[in-house]
Amino acid sequence: MTKLIFMGTPDFSATVLKGLLTDDRYEILAVVTQPDRAVGRKKVIQETPVKQAAKEAGLSIYQPEKLSGSPEMEELMKLGADGIVTAAFGQFLPSKLLDSMDFAVNVHASLLPRHRGGAPIHYALIQGDEEAGVTIMEMVKEMDAGDMISRRSIPITDEDNVGTLFEKLALVGRDLLLDTLPAYIAGDIKPEPQDTSQVTFSPNIKPEEEKLDWNKTNRQLFNQIRGMNPWPVAHTFLKGDRFKIYEALPVEGQGNPGEILSICKKELIVATAEGALSLKQVQPAGKPKMDIASFLNGVGRTLTVGERFGD
């Protein structure tokens, strides 16, 4: 039985962990995840999905604020683990820890070398990629730069957003890891170096990148909106107030960018630099998320054709 330390944080990681727990070839000696955080306006302390899964399985849990140089790292190195599996952990692993293991692999939610970094699923959508995927890779000190052990792709559809793609790729990652790990541990797979000429980066999204620029095409804005749904959520401004857009569809239309072209009971169409967007799910300032019909029947009932979204 191979003894593992698992490191991860969000739902994506929890799915991978649960997969490992179903395979009797592995023993999870410890789980490392990010510390509990205060979430929302009420600052409710929330455990990570990986911590919740680990508690349900009765596993030992470590939550260092920073792994490097921590007492927790020293404890982990004394457990006698054969290797480390990480999946969206959110911290760099110190070389000292990596060097103490027989192997260390990462489940990364992109088709490397494209989309290295912390937001690969977001950027796959924002940049209009036709496919997404998962790469199992060896861990090295440089971010997502290790040799690739295996890859698996799936198509991106127009119905996908960050939430749906996370769910799909979590299952892909779980299955690919379980399919790959035995042969890798046995030495039957020769990892492939990444083509550095094809590397792209997908860092965590900055607040200023959430703002919609109506001078882009309808397709570009469509991709940005779904590439931030359900988090961090794209926004614009309406009458000076922040206005979040969770879902919109590209449609035909022509007008000044940001201009309202059409309003009816269940449709609000806004011009872009090329074509238009039909807004489907929105959140006005100080209100909950709602469908467009609810918005137009409520706080949006005073809107008129010709008014504009934007600064």
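Each residue, glycine too, has its Cβ placed from N, Cα and C.
Record features (Swiss-Prot):
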- SER110, LEU111, LEU112, PRO113: (6S)-5,6,7,8-tetrahydrofolate binding site (BINDING)
Near-site residues: (6S)-5,6,7,8-tetrahydrofolate, ref SER110, LEU111, LEU112, PRO113, CB cutoff 8 A to centroid: HIS108, ARG114, HIS115, ARG116, PRO120, GLY133, THR135, ASP144, MET148, ARG151, GLN194
Those residues of the chain, 6+ apart, with a Cβ under 8 Å from that of PRO113 ((6S)-5,6,7,8-tetrahydrofolate binding site): GLN194, ASP195, THR196, GLN198, VAL199, THR200
